[in-house]
Structures are given as structure tokens and as C-alpha cells.
Amino acid sequence: MGCAQCKKKEENAGDENAENLSSQCHHPDLQTTFHNQNIGISPSKSICVVGGPFLGGGQRGIGVTGSSGATTFVALYDYEARTEDDLTFAKGDRFHIINNSEGDWWEARSLRSGKTGFIPSNYVAPANSIQAEEWYFGKLGRKDAERQLLGEGNIHGSFLIRESETTKGAYSLSIRDWDNNKGDHVKHYKIRKIDNGGFYITTRVQFDSVQELVQHYTEFNDGLCQLLTKPCVNLKPQTMGLAKDAWEIARESITLDKKLGQGCFGDVWKGTWNGATNVAVKTLKPGTMSPEAFLEEAQIMKKLRHDKLVQLYAVVSEEPIYIVTEYMSQGSLLDYLKEKEGRYLKLPQLVDMSAQIASGMAYIERMNYIHRDLRAANILVGSNLICKIADFGLARLIEDNEYTARQGAKFPIKWTAPEAAMYGRFTIKSDVWSFGILVCELVTKGRIPYPGMSNREVLEQTDRGYRMPCPQGCPPSLHDLMIQCWKGDPEERPTFEYLQSFLEDYFTATEPQYQPGDNV
């Protein structure tokens, strides 16, 4: 997303010297700007979800409904059939699409084997199109491009091309670079489109296609920071659901393999679906929530599609309820910070994780949804420090008396905004309060908020205006952000859109002189 000044730089990057779009820009003053960005989202429980899958985070498949106009599609990844109705295929296999009217799973005929079956739509792209190129990452933001290129397996000159965030029909080229001052970093170049259909980075050299442009810059750098060496590593994406029509599944199809955690209302397991597909399974104790209410809410939850939200795959809707989701290898953020490699993370990694969470919450904000229980225990961590939000929307369904009283031992008072804890007024703005607490959890490596204070004391003191002081080693500017999240008037709290922008540009706009310390 980035701040407006950064985006203006991207739009106006010079023809002769395409510039690094992540270079310094002045960030708007924290105290004044976000008041103009409140969007007044209603606390209504209703939600309007647009159709079709959300393709964030560099998923290259086209994932569209209706006719695409293409006759042949090509596989971008290997896929092993999960049901007898699926097709197994290898990267590079070609298909004729028979029916693509249902969005997530298409009926197709393999041109290699002649067999017909269902394939995940985000695993294929039109043959000979730009979407089929290994280096094309589609709708990927600047910050996510940097995360991917700085991940494992990439080298200097690794690159990707993505849709421009600011100019329709244009693209951005992102390249992994290195120098003595910055070390490994990423530079971004605008690929501009000529009216007659050509493309260029600098007007000196123009090309008929983006593919020709890429080929040229693998041989001549012509002013780029590096020769293009190899496409960015692109991990196989999650399919949209386990398989076609695999939503309410049989309990017998799930194997609970390893217990990962235990909570007040159930357990979390690493499991297997149909003997082959790794999943995470949350098992709820009988009586935790109404199966009918859960199934109704789950129908909404499964339509929330964002690369920073844990994908809901399937449910077992009879008690004990099973919630089947994608599996995240590093477990909960809280455990990761306290017991695993997270103990050694420095401030840049912690701020990046908070920016990822803000990105997912900005999507929830746009969809008029509410999380209600945002905290480190409900964030999951994958490879390369990828963070995803879990358990969104479930809190309002819990029927346990100690929880619904909002002051019982099971209720997360220390994470909950005063108006929500005392009066049950849950909105996206109460989620913003919780996000401020979560940022504090990150900086303190999982320390319980308000150390030494009971739940009752927290309620009383926050109502009187008390706010947690700046944690040791935390920059005052980051603590200022927490304080804004903890404004007494919910409408004075920033939007998640603003929080994402602020955190993504934190080290170029707010703390450009940051030097690592002992703690963070």
C-alpha cells in the first residue's frame, strides 16, 4: 500500500533512471492524519462478499469465473489428486477447460492423458500468456514483493514482475539487490506501456512484449541495479478449498495426527484429510457454540479470502465441531515469540509481522467484518515469517457463561477495548484497540499485557485513562502508534488501512535512522 508520497514517487519514476520505490519519503504526522481516514464501518454482523476467489500474495493462477476466451490452459504447479474426481497433473501440463463457471475448481480435460476431472483454478493460466510466465506474480503489493524476494532460495538479480499498484495496464519489475550500506534489499522499476502496445523501463530501449523486455535485461542491465538472473521462488499456493464440494465433510475423513495446542474451548491438531492432505484442525468441546449458528457463520468465514488470513477449508458441523484450515508450520505467534526462533527477532522483523497482520485486518475492515479476538495467540506463523490471522468471527458464537459474562476467567479482558469489555460494543474499532495490544506483545516477545495487574484492575485503570508505558527497547514512534490504537473514543482510533501503510513504510518514513539494539 505505502504512503501517498511513496506512491507518487512510483508514478513519477524518471524514464532515464527508474528509481527505488522504497527510498525515503516523509510520512504524514501520526497524530493528525488518520482522523481523516476513519471510514465509519458499521458494527453490523452482516457482510457483503464479492464473488470469486481473492488472489493476493502472488498467486499466479487467473482464478476467474465465466469464459476467459482462452482455449488452452497450462499448469503452473504440480498437483496430486485428493479425490477420485480430481486430476493429477504436473507443472507444464496443458488442459482444455470444459466448465469454469464455479470459480475455484474447473472441469478440465488433460491434453497429455486425455482424462477429465476437476483442477484448482489458481493452479493454471492461459497458455502463452504473461500469467503463465514463472516470473509473473500478478496482483502483488510492493511490500509483499520485497518479502518474497528476500526469502530463502533467492539470489542477487532474482526478480518478479507484478501489476502496478498505481497505473492501470502497467507493471512493476522488482529485483533483489545488494550493496555495502543496505545489504540485501529490493529495488522497483516501473514498466510503462506505450499507446501502440509496446513496453519500456527507459525510453532508450522499447519492446513489443514484457517477455522480450525480460529477455533483454537478462543479457544487458542497461541501467538496472542487476542483470536479471532467475525468477523469484514462488511457493505453491493453497487451493481454494480442499476439493470441489468438500465443505461439510465426514469426521472419518480427518485423522488427528499431532496435538499442537489446547485452549479453554478445545484443542488444535495437525491432521490429515483423506489420508494425504495436511491440514490444521480445531476441535471444539461440545456446548461451546450452537452447531447451527456456527455453520451459518462459517458460510461467511469461508468467503473471506486474503493471503494474510488463514483459509477455512471445511467443517464437521455436528458436535464435537471440527474446523479444518490450512496448516501453518510454526504454530501460534505467541508460542513462536516465547519458545521458538521468535525470541531472537529484531525490530524490523517484528514491525514487518505487525504490518502483515494490519494488512489482513485492513481486508476484514473493507469487508465490514469484525474479528473480536485479535491477539498473538490467534495469529499463525508459517515459513519466512509469514503471518496469518486465525479464528476471525468465532468469538461471538461462544456460549460459555464465563466467557459471555465478559469478565470471567476465560474472556481476554487485557486485549479487549473498554467499550467492548464493559458494554459488548464490538466494532472494527475495538479490533484496532486489540491490535495495539498485539503490537505490544510482538515488541515484548509475548509478555502478558499489563504485567502485575488483574483483569479488574485493567478495566478500572484503562477506564480512568491509564495506558501501558513504552516497552523497553521500543521506539517512541511505535509506542505512539499503540497509544493512538488505545484512544478512549473509538472513532479517534486509526483505520487498519492507515496502520498497514504506516507500518509498511516505518523504516523509510518514521525511523530511517534505526540501528539494531540488544533487545529489539
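First residue shown is number 1, and so on along the chain.
Just so you know, glycine gets a Cβ as well, placed from its N, Cα and C.
Annotations in TrEMBL come from automatic prediction, not curation.
Matching 1-22, 23-44, 133-154, 441-462 against TrEMBL, the residues noted as region 'Disordered' span 1-22. In the three-state DSSP scheme, LYS282 (ATP binding site) is classed as strand. Secondary structure of the domain 'SH3' (68-129) per DSSP (helix as H, G, I; strand as E, B; remaining residues coil): 3 helix, 26 strand, 33 coil. For LYS282 (ATP binding site), the same-chain residues that are 6 or more apart in sequence and have a Cβ closer than 8 Å to its Cβ are GLY266, ASP267, VAL268, TRP269, TYR322, ILE323, THR325, ASP391. Mapped onto DSSP classes, the domain 'SH2' (135-232) shows 16 helix, 33 strand, 49 coil.
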